[in-house]
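**Student:** There's a structure below that I have some questions on.
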Amino acid sequence: MSDATLRHDWGQEEIEDLLALPFNDLMFRAQTVHRAHFDPNRIQVSSLLSIKTGACSEDCGYCSQSAKHGTELEREKLLPLDEVKRAAAEAKAKGATRFCMGAAWRNPTDKNLERVIEMIVAVRDLGMQTCVTLGMLTPSQAARLKEAGLDYYNHNLDTSPEFYGNVITTRTYQDRLDTLARVREQGISVCSGGILGMGESRRDRASMLRELANLPRHPESVPVNLLVQVEGTPLFGTDELDPFEFVRTIAVTRILMPRSHVRLSAGRGGMNEQMQALCFMAGANSIFYGERLLTTDNPEADRDRELFQRLGLAFEESAELQATERECASKRQRRLAEEFGAGGGA
Ligand code: SAM
Ligand code: DTB
Ligand code: SF4
């Protein structure tokens, strides 16, 4: 991510202009960038587990786990270590390379953090990459996670700074940026993205992407979630987003953050296969894999494997493989530049 060709000075207007391109032109640009940096037929797969569910003190308007909303969610205390190990081993057996553990906390206490660290160590021992999403972190908590060997921390900006107050009031945008900076400072890989379809405007989508792309370093992983509407949450009943607008936003995410994994995240369960294929064409190269997200359903793993087979997609594997792929990608970029006169880099 220290590549000097990556930009961190994107302007609001130019991002909106990208979002407004004719669909085919936008897809072509996104594909060109994608192929310059990745094998377009390989997808990174992460499995998710909710390690502490519900009764959260925050008021995120989309979330089934807030104690402030009238959702019918069964609460669960922090899971025992054995249960986490079992779930991670199952995810690994199905082909997931990263295991992401989520807790419904505003922030972890130091005591709880130690229990999560035991989980991180156990999952690493299985040979999987680890990711956790635990809410806000202090600098010393971020340091402790690094010491424990954590690979990724997920903390989403969720939306634009302008729209943010319509969705969450119990923590600020700046709180989120501060946590991301603490994670980055420790050298933990950053996973940060947002949610579309919460009633935000295209301007807001552009503004959220500008915030992400203009961070001092691009997040290594950018989850783009489509709102999963949960009955009882304030955002239940929000007008559905035009599916093409979702694909456009994926494409622009790819163009702005060429080396990041762009994850087609929550909401995939409500998408048909054609829509998912368009998202992969637009540059999404990561998914959540396995029947369950945190509290809502995801497509069955068998169905995903079948879809991958039909599309000629394969699971992304080791870091070594990725390095080889980057070499191939730069060769492909040169070839594309010769054929189309397109540079491909952003
Ligand atoms: N409590 C921690 C926090 O908020 O940082 C971690 C877990 S939280 C569930 C992680 C992210 O999941 C949220 O920031 C949001 O982007 C996403 N998310 C939660 N509920 C969602 C929903 N109904 N639809 C789409 N994305 C959702
Ligand atoms: C992210 O961006 N999406 C994931 C993960 N990070 C933790 C969570 C999606 C949650 C979807 C709603 C649910 O299952 O509760
Ligand atoms: Fe709590 Fe996280 Fe849900 Fe917000 S998104 S209510 S912080 S679990």
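Note that Cβ sites are derived from N, Cα and C of the backbone, with glycine treated the same way.
Please treat TrEMBL annotations as automatic predictions, because they have not gone through curation.
Values in this document were obtained by computation on a predicted structure and should not be read as measured data.
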**Student:** Have a look through Arg29, Arg263, Arg268 and flag the one TrEMBL assigns to the [2Fe-2S] cluster site that Cys100, Cys131, Cys191 belong to.
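**Tutor:** Site partner of Cys100, Cys131, Cys191 for [2Fe-2S] cluster, according to TrEMBL: Arg263.
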**Student:** DSSP on Cys63 ([4Fe-4S] cluster binding site), three-state: which is it?
**Tutor:** coil
**Student:** Looking only at C-alpha atoms, tell me how far Arg263 ([2Fe-2S] cluster binding site) is from Cys63 ([4Fe-4S] cluster binding site), rounded to the nearest Å.
**Tutor:** 19
**Student:** With an 8 Å cut-off on Cβ distance to the Cys100, Cys131, Cys191, Arg263 Cβ center, who else from the chain surrounds the [2Fe-2S] cluster site?
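**Tutor:** What remains near the Cβ centre is Ser46, Arg98, Thr133, Tyr152, Asn154, Ser221, Pro223, Ser286.
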**Student:** With the Cβ atom as the reference point and anything under 6 Å counting, tell me which of the binding-site residues (Cys63, Cys100, Cys131, Cys191, Arg263) are near ligand 1.
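**Tutor:** The qualifying binding-site residues are Cys63.
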**Student:** Among all chains shown, work out which of the binding-site residues Cys100, Cys191 has the most CB atoms within 10 A of its CB.
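**Tutor:** Of Cys100, Cys191, the one with the most crowded Cβ is Cys191.
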**Student:** Could you measure between Cys60 ([4Fe-4S] cluster binding site) and Cys191 ([2Fe-2S] cluster binding site) for me? Cα positions, answer in whole angstrom.
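**Tutor:** Just about 19 Å between their Cα atoms.
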